[in-house]
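A short worksheet on the structure shown next.
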């Protein structure tokens, strides 16, 4: 489990968060202009076995004990080189040692260098046997990477594994600029373990010290090390001033944790955000526990609840054991329905409407798999809306393909539904679905003929309250059996032609598709709707077997779906263009018998549902993607979306977007506790733009703006300005986003946030502007159209 950790030393010695190259390559090359490189041939092997070469203007000595070299002295052994005005060579034969100890004292313009560091000073010392080196009152410069400083004494130890500074400083800024630096009474840099220990550490901006720590152990490479991560601060209208100081804990090679004290001024307390990651034989996962001991804003708004502890628990796990067992967890739970309105979290959003708590254990071998799961929902609705949970659910699949010309499958499910309210219907549902399929195909087409039988039994309880309510049109039954056969024929053809006359090397395909589907009508009014909703229908969705998800509503069908797709490929077999158009023609009305589904009373037949999708890669920099669905049952265009993007590179892009969803479509496809929310009563009709562009040398701007034409108000706004240099980066951002709905005042609630970040750069090879991360962190995230 690898994780690149930019810790507090990264704050101090230039570890960067962002990974895009774009303009970063230019900046990196500029920064390296002031960094020396090792230009001699690299020597490998034991340097003690290599000869020592000495050049000087003058030499005198007392062989074999000592020698003095003066004038342009140059000593080389392996990758190490020592230069000075004068060098005194001493050689002593220690008792019991086969090799003599050779040391040198260097005076005047001392210069030591190897493939890792350059040391300069007025006085130096070196042990030619161990390669230990001292330079007093000098400067040092890293080789091949940013990093330089000064020290009263600089030492190389352990075959150049350790660099030790006494009263030393470090900065990654280029020569001539000391924007920031770290100073310590002693600094030990271990290259093998990629860690630095600093005693009496002072962090300076210019000449001014702004931070002190008596001891720091900090990572300086890619190895995971415990330490503080880069702090962050911002100001929001819902929490006022916020400050984060994350600490990374490298527990073991297969597990780590990040502990973040998150101070929120308006809440009057610190939220402790704790993330734990692990990798075991049973799989990998992430756990998050966020805890706020008290919240004065929430307590003022909800005085009857008293001292409120607010929290979030998240657990995601995925694993396989012994190649047959599958374990999965997707669990999110919060203390109250307002949690995601009040706090930003990567594990949920106020626009989600609910949180899911799901556990599953599966077993899979060839031709067979079975899964036992439980699923619950926490609805973020103050109106005490009910929701159903599956406690538990068993799904079983058995496959037997190549049974002569046929493929067969048997699917089974057993589930028990429980409601959060005591007066709502509950049920046990058992479903069995055998299927036989005759697949025929070759390189230019395919024909699949399928027949299945869907048998379902319901045992429903707690029906008295529902059946006695005069507002409920359907009367539920205690025991219901439903048996429905299904027959389907699906045929595809692929025609291909060379476009030599219009575009040499290009190829066009034409792919017509026809599907006939028959499902007889069964009255399902006596069955409560526990888990079914209308499925979204893009072009591929037209060819589904089902109109509804789940098993409680299986609509009758006597219909033909027709569609056609054409694609254009260039001479490198890259798809440059495609367009698909299809429709469903109903010979008879599609029904379930549920009087609560209003369009079932319209008795409509004919061509009712149309859908189309298109993609056009206009050039290497321009792309267009669009889709539309028209549903006469909903009396309107159900959904549509378009996206046009110009993308020059990863830091230069402009994208224009349009998205629409009718209110009828939202009510039909989303759960009632979500779709009936006031903010969706007029549907969704938004236009927007996303952009990222460098505006000057090392300056870049990113922004996103979405406007809701139904309410004539902005839906989301984001603007960020960034400056990037060799030794630091600055980012200022503003965001205004939708954060809920005020039912009393009947208007949307917005949150405004201003953020400010400073990142110090240096040893990392990462000089990206980070524009993609800013765009994707938006509440309406950027998605490429290319």
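We count from 1, first residue shown onward.
Glycine residues also receive a Cβ, built from the backbone N, Cα and C atoms like all the rest.
Look at Swiss-Prot and you will find 1-24 tagged as signal peptide, backed by sequence analysis.
A 10 Å cutoff on Cβ-Cβ distances gives residue 726 (disulfide bond) a total of 24 other Cβ atoms nearby, all chains included. Residues annotated as disulfide bond in Swiss-Prot: 31-726 (among others).
Annotation source Swiss-Prot lists disulfide bond at 173-727 (among others). Of all Cβ atoms in the shown protein chains, 23 besides its own fall within 10 Å of the Cβ of residue 173 (disulfide bond). Mapped onto three states, the DSSP output places residue 173 (disulfide bond) in coil.
Within 10 Å of the C-beta of residue 31 (disulfide bond) we count 21 further C-beta atoms, all protein chains included. In the three-state DSSP scheme, residue 31 (disulfide bond) falls into the helix class. The separation of residue 173 (disulfide bond) from residue 31 (disulfide bond), Cα to Cα, is 9 Å. Here the CA atom of residue 726 (disulfide bond) lies 6 Å from the CA atom of residue 173 (disulfide bond). Residue 726 (disulfide bond) falls within neither a helix nor a strand when secondary structure is assigned with DSSP, and so counts as coil.
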